[in-house]
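Student: This is the structure, below, for whatever I ask next.
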Amino acid sequence: MLLILNGPNLNRLGLREPGVYGSQTIEDLERQCEAWGAELGKAVTCRQSNYEGQLLEWIQEAQEQGFSGIVINPGALTHYSYALRDAISGQPLPVVEVHISNVDAREEFRHRSVTAAVCRGKISGLGFLGYRLGMEYLIDRENGVGA
Ligand code: DQA
């Protein structure tokens, strides 16, 4: 079972800067991740919160809740949250960081991720497809394929 986490402001997808993030909503994203999970033979649970503490608790509890990996888009927390970084590094599951937009092509403050170093990898700029690629990596890894 995979956990898909979306952080602050991602509930505003479709309304928020559509030129940057597209016109699809968080519901579209979550339904798409569930459909990809069904196609890839993996149950998927999607959660979104604007609250850092809620995200920390979901990450802390993920293993005991039976998840085998996490795909996370931490939103702006990416750029400054050492608490989120510590929550990721303080638990054993593999985590993939995803950004819908190409953060390296945007403002300077978005170039820095304090969380990517404790994730298996980071996917940025590929839209919703990044979530699927993160899911595929986690599933392959669980099946002993790849790094
Ligand atoms: C984002 C990029 C972040 O810089 C921004 O704060 C977000 C969304 C993305 O998906 O491109 O909220 O994580």
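In case you wondered, yes, glycine gets a Cβ from its N, Cα and C as well.
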Student: Figure out which of Asn50, Asn73 sits with His79, Asp86, Ile100, Ser101, Arg110 in the substrate site per TrEMBL.
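Tutor: The one candidate that TrEMBL places in that substrate site: Asn73.
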Student: Among all chains shown, work out which of the recorded positions Arg16, His79, His99, Arg110 has the most CB atoms within 10 A of its CB.
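Tutor: By the 10 Å Cβ neighbour count, His99 comes out on top.
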Student: Among the binding-site residues Asn73, Asp86, Ile100, Ser101, report those whose Cα falls within 10 Å of that of Tyr21 (active site, proton acceptor); none is a fine answer.
Tutor: Ile100, Ser101
Student: Nearest by CA distance to His99 (active site, proton donor): which of the recorded positions is it, out of Arg16, His79, Asp86?
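Tutor: Its closest listed neighbour, by Cα, is His79.
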Student: Please list residues from the chain of Asn73 (substrate binding site) whose Cβ is under 8 angstroms from its Cβ, counting only those at least six apart in sequence.
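Tutor: For Asn73 (substrate binding site), the qualifying residues are Leu5, Asn6, Gly7, Leu10, Glu97, Val98, His99, Ile100, Tyr131.
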